[in-house]
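Swiss-Prot has this to say about the protein:
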type	residues	note
DOMAIN	682-711	domain '4Fe-4S ferredoxin-type 1'
BINDING	C691, C694, C697, C755	[4Fe-4S] cluster 1 binding site
BINDING	C701, C745, C748, C751	[4Fe-4S] cluster 2 binding site
DOMAIN	736-767	domain '4Fe-4S ferredoxin-type 2'
BINDING	C811, C814, C839, C1072	[4Fe-4S] cluster 3 binding site
Amino acid sequence: MSGKMKTMDGNAAAAWISYAFTEVAAIYPITPSTPMAENVDEWAAQGKKNLFGQPVRLMEMQSEAGAAGAVHGALQAGALTTTYTASQGLLLMIPNMYKIAGELLPGVFHVSARALATNSLNIFGDHQDVMAVRQTGCAMLAENNVQQVMDLSAVAHLAAIKGRIPFVNFFDGFRTSHEIQKIEVLEYEQLATLLDRPALDSFRRNALHPDHPVIRGTAQNPDIYFQEREAGNRFYQALPDIVESYMTQISALTGREYHLFNYTGAADAERVIIAMGSVCDTVQEVVDTLNAAGEKVGLLSVHLFRPFSLAHFFAQLPKTVQRIAVLDRTKEPGAQAEPLCLDVKNAFYHHDDAPLIVGGRYALGGKDVLPNDIAAVFDNLNKPLPMDGFTLGIVDDVTFTSLPPAQQTLAVSHDGITACKFWGMGSDGTVGANKSAIKIIGDKTPLYAQAYFSYDSKKSGGITVSHLRFGDRPINSPYLIHRADFISCSQQSYVERYDLLDGLKPGGTFLLNCSWSDAELEQHLPVGFKRYLARENIHFYTLNAVDIARELGLGGRFNMLMQAAFFKLAAIIDPQTAADYLKQAVEKSYGSKGAAVIEMNQRAIELGMASLHQVTIPAHWATLDEPAAQASAMMPDFIRDILQPMNRQCGDQLPVSAFVGMEDGTFPSGTAAWEKRGIALEVPVWQPEGCTQCNQCAFICPHAAIRPALLNGEEHDAAPVGLLSKPAQGAKEYHYHLAISPLDCSGCGNCVDICPARGKALKMQSLDSQRQMAPVWDYALALTPKSNPFRKTTVKGSQFETPLLEFSGACAGCGETPYARLITQLFGDRMLIANATGCSSIWGASAPSIPYTTNHRGHGPAWANSLFEDNAEFGLGMMLGGQAVRQQIADDMTAALALPVSDELSDAMRQWLAKQDEGEGTRERADRLSERLAAEKEGVPLLEQLWQNRDYFVRRSQWIFGGDGWAYDIGFGGLDHVLASGEDVNILVFDTEVYSNTGGQSSKSTPVAAIAKFAAQGKRTRKKDLGMMAMSYGNVYVAQVAMGADKDQTLRAIAEAEAWPGPSLVIAYAACINHGLKAGMRCSQREAKRAVEAGYWHLWRYHPQREAEGKTPFMLDSEEPEESFRDFLLGEVRYASLHKTTPHLADALFSRTEEDARARFAQYRRLAGEE
């Protein structure tokens, strides 16, 4: 290793280089590119200097379109400008990319390349986004791994300045952007020597200046437009040599050889793969292995994709090549081939001795590519007629594009590399601990290190698998670990759900966090699990990290215990030295959370090493027989064939045929109910003797895992053991039971916290103690549907309505889901939902687990997601589409009244026409009308037509859901337009005051003083008052609510909003894990109450109907604040951490925040006529 070595991921490497060359960064958060901008923002806040002696000026915009516009403007003003983006965000920049390229401006777009949303959304890596901008005129430079991101990102900036062409500098999303590697860092002093100062001076002089003004962006006619476009050709013709020159200089600095196209392999290769991105490292491993066995193969790795230089291409490709396979990580439906393949075929167009060239697609949406997949490509090239247009790594049994597996398993050498896998659960700290571990190994030892983290889409409580490799040589294996030396599991429930030991080498080590004794292990471990441990001579250890963490006061955060145990077992470095390093990491990671938290975690490190228990594996485990398979319960095909394999982490094995009939992205509702994840450590247990039957616990439950049930006498007598009940208050004919699903509960504890009963009618107990209650839950859900004996617009009555949102993947204690669940209880059987991309779309529709469900009649919310930026328009379009069909129905029904129909049908049609826009009673009217049409339609075309459209008889309740990032920022223009349209749509904004889905970035909803990403020193601008802006139209129903503060007001506002025959907007305060509640998310509802009592959040409603009635339309539902505003702020880490680091600044900003809140409250009082 020469030079300074540091452990970092691809995003950090790109940020490090770009910071040096950047004066202005205009950004907008989007996964997986956001950490690049976050790094830049953090360094700028710390005063870090770029090459020009200044901190970077970073500006978060309202959208990627806005970011691209700001990039364009800053470049025209003469500042070196950069942005960071991916996927749909990059596509929003396309119009400005054309402009920036056409105006020869040296901007750089760093892209962590990601899949595009087509029939579904996918946040993982491929090249669909970058291939969609190859026509813009921007140069395109690709990197294969983290080290190349460090080295070649500099080339993008340097060549942009010298060549006057903007660059798209890209690398694979997640696989490179989030992979942690130990790499050599280029120092700014080195980069400064490469900068072409005269070219930079020329750029500055060419900027827009009033001292020597010019005009740019003229409107041109056909006479000159074409010629001026062609005049720019010479810049593109010169660019490849400029890039090659800078690559030569970088190579001289680093000792790593770079060219526009890098060839590696046999000098006389006959078969060559051409590719770009992280797959090249996998291909390289295969090439080395095959050549060592005497074959003649090679790899041509593409770096400069645009402009595509034929001279440099042929200079690198061996003359001996006879067959070429081109790998594209994108899909262009209808094209003859994918882009890189077309370029390669075109390169040989005039060559009489051209090799045979085939192309294939691989790794769309982050699919893993293994060495055996690449071996299959080389096998394909050996065939007399190689398959063209193939797919890699899947089984296509529909259109038969997939390559068959390699003829024999390829044994790629990983000698000297130790591979470790860590199974964890989102929010249990496993990923964070492993990031600390890999940095300790990388930065504190001579070893090379690599880490990659795979996740599912659940917000927390989902599965995570950390893949760590370390060894005495560079590690370039960009795929998941399938042969491990060490495996750890932090969740004991996983032993029954996943094949944890798959790939663990003979003699390897397995560490399990569990509370089981050795005797209990015999009972709980599956037979196949025990057999593998015994037959493969596995070293098996357990650690009761849960109980130790609880005793230490760490709750469910036992990550440090497990990490310390890993260091002791792995023996990579001296355990005591490792413990010291871990303790230092704790101080750095948890410094903002106070001395007590630091001390608890440091003590956990000590106990993690001291409390390990080695299990003596009984000899008889090796000869255990698999028990007879039990007959599975009847289940839908989708559950058996798709959901269950995916939930076992076997989705990669599903063939294309599994999705025939789902090609448009349609998934069935209600699939989350089949998961039964059992992720809670503790779950609530009903104590009927103290229960007041208020149903508040069900009202606020984020996962709909608590539900009141009414049993008639027969059902009560037939109830299973364990079903407790008491006489129902207000419904004497029934027994009341509070059903709790232990396997669907996330264990947040909000139900216990808000229970008003003296002594609490709910108590938390361990999940294991309540598993036997699952049949009781099933029985309660299967009870006969009953008419609600209470008004459903009351807190108590609403909870006797079936929730049509259940068991989502939202965080424990989520502040968003209770609102959505409540709305489904009120209107769910006739709802259409347009959902903006964000947290609510991820917990709302992460395949295959869909929490939106149906009632006993099969009715429920129909849900769809378009994009982040267009959700309001999308929802309006839904409403207009349904409205158009219903207008046709109304016309046909009016005509049908002239037909000789029965009085019953005539009356049903008249009633429908008179009340078609009324929600109350719409289902009953629709049912009656459908019934009469079915009886009389035969032989009457008009009635037949009406009956065919019967699904539209029910008045639909159109809802538009989204977070504050959508409503306040990227989607605000569309939201404003929809509100101004006057159309009858209902909008619900989950206001978490940050971009929750991308990790807590600042939005225009973020108040002054809050620390958020892109507001590292506290936000300085006032929170936008979205409600007041909407209210200015006069005909929009607007409400601000906080369920935890006033459940009745929340319910009233939602009911009024839906009933208002025009646009309505409900802004709902939602506590979020990003707020860092010191009381924990078990108090998220209480936090909303504190926010209102302190005057931080205000409750109000604006009803246009009241003005028509001569009343004040604005109703202030909040009382005068009585609690301490400052104490409320200090109860959340997002505010308290600023006070810890810079108390004087925090005090000043806290005062501003409180003044803003008081000013808003005073204004609300005036509007309500209280002053």
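Count begins at 1; order follows the chain as displayed.
Including glycine, each Cβ sits where the backbone N, Cα and C put it.
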Requested in this report: Round to the nearest Å and give the CA-to-CA distance linking C701 ([4Fe-4S] cluster 2 binding site) with C814 ([4Fe-4S] cluster 3 binding site).
Outcome: 9
Query - Rounded Cα-Cα span from C751 ([4Fe-4S] cluster 2 binding site) to C691 ([4Fe-4S] cluster 1 binding site), Å - result: 12
Report summary line: Contact set of the domain '4Fe-4S ferredoxin-type 1' (682-711) with the rest of its chain, CB cutoff 8 A exclusive, min separation 6+ beyond the ends, reads 719, 724-726, 728-729, 731, 734-742, 744-752, 754-767, 770, 780-781, 783, 786, 789, 795-796, 798-800, 803, 805-808, 810-818, 821-822, 1043-1044, 1047, 1085
Report summary line: For C814 ([4Fe-4S] cluster 3 binding site), the closest of the binding-site residues by C-alpha position, picking from C697, C745, C748, C751, is C748
Query - binding-site residues listed as C691, C701, C1072, least Cβ neighbours within 10 Å - result: C691
Report task. Please tell me which one of the binding-site residues listed here (C745, C748, C751, C839, C1072) sits closest to C697 ([4Fe-4S] cluster 1 binding site), measuring Cα to Cα? Result -> C751
Query raised in the report: So, by DSSP, how many helix, strand and coil residues make up the domain '4Fe-4S ferredoxin-type 2' (736-767)?
Result: 6 helix, 10 strand, 16 coil
Query - Between C839 ([4Fe-4S] cluster 3 binding site) and C748 ([4Fe-4S] cluster 2 binding site): CA-CA distance (Å) - result: 18
Requested in this report: For the domain '4Fe-4S ferredoxin-type 2' (736-767), provide the mean pLDDT of the predicted model.
Outcome: 97
Query - Of C697, C751, C755, C839 (the binding-site residues), the residue whose Cβ has the fewest other Cβ atoms within 10 Å - result: C755
Report summary line: Note on [4Fe-4S] cluster 3: the CB centroid of C811, C814, C839, C1072 has further same-chain residues inside 8 Å, namely K459, S460, A810, G813, G815, E816, T817, W843, T992, S996, A1070, I1073, N1074
Query raised in the report: Do any residues at least six apart in sequence from C811 ([4Fe-4S] cluster 3 binding site), in the same chain, have a Cβ closer than 8 Å to its Cβ, and if so which, in order?
Result: S427, K459, S460, G461, P702, S746, C1072, I1073, M1081
Requested in this report: With C839 ([4Fe-4S] cluster 3 binding site) as the reference Cα, tell me which of the binding-site residues C694, C745, C751, C755 is the closest one.
Outcome: C745
